[in-house]
Amino acid sequence: MLGRSLTSVLIVPTGIGCAVGGYAGDALPLARAIASVSDRLITHPNVMNGASLYWPLPNVAYVEGYALDRFAAGDWQLQPVHCNRIGLLLDAAIEPELRIRHQQVAEAAQATLGLSVTAAVITDAPLGVTLRQADSGSTWGTIDRPDSLLRAADQLLKAGCEAIAVIARFPDDPGAIALQDYRQGQGVDPLAGAEAVISHLIVREFQVPCAHAPALQPLPLDASISPRSAAEELGHTFLPCVLAGLSRAPRYRSATESIAESIRPESVDVVIAPETAIGGPGILHWAARGIPILAVAENRSTLDLRPVDLGVPVQHLQTHLEAVGWLAAYKAGLDPAALSPGDRRLSYLNHSVQQATSG
């Protein structure tokens, strides 16, 4: 094939209540559409994870959020793999029955999907996850024992694991208003912000693929829940999608290494993100290098930070359908503006020539 292949990046930040991507796997249809018009799509677990539901896409790189920022900064490159040996990291706070449920998911993934889940470890202390919510509505969280988390991760890596699936015990509060709103398709995922903190710690320390699945007791049956949150009502764990994603997640390598067929930071051609969430470090790095940023207005969030507030140049698009069309035109070698009505006149850099022409 002649010409450059199209590498797209899709970012939907977690914990800010995005209209698309703020729930359990509800950004997967968007990822599938973008992947279909791209040669390669790079995205993160919040986009691809749907609890018990997932959709393997051969041209999608599953990259943890902190790693994505380091990649955008030019510090890391991505090394595609055939498969990863996955290690299971379980919080000591998980009750025995709930731990067995997660163990069964890992064993089922080996038996039915052929994944390589090679070792498991229980932390030497309860991790102590605490959930928080900012005044804006965005969620975040902390863990009391990051040292225990990192020691357990180190054990798995020394045992030959190449990617880590973390299962931390999250607080149960089925009566919480925030949780009830989320189940009804309103508000913000109360778990999302804390999940990101856990995976960031491991990736920052060890530079390996990592994703998180919270351990919770099953919620009471509610026939009125929103379809957008329904994926989290299935089964006993959120682990299946994490194992599927990590199984072929690219490994993280220093950008200074010489690696054949790696995905280099300069490979990125275009970035798609919610219009109110383009202030993250990754997007700012890409924008500074002149990479087109497609800011989608319909993907609202709890944030109210516009591109103009940050001085970030973007392509303002109303819908994700418009973004998919923009990508298709761009891949075909067209100026996407050529598909809209109106005159596009040539602009002279020499001001006097411009005046003479217009006069």
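Using N, Cα and C of the backbone, Cβ positions are placed for all residues, glycine too.
Residues or ranges marked as S-diacylglycerol cysteine in Swiss-Prot (evidence: sequence analysis): CYS18. Long-range neighbours of CYS18 (S-diacylglycerol cysteine) (same chain, six or more residues apart, CB within less than 8 Å of its CB): VAL12, ALA27, PRO274, ALA277, ASN299, ARG300, SER301.
CYS18 (S-diacylglycerol cysteine) falls outside any helix or strand according to DSSP and counts as coil. Look at Swiss-Prot and you will find CYS18 tagged as N-palmitoyl cysteine.
The signal peptide feature in Swiss-Prot is assigned to 1-17.
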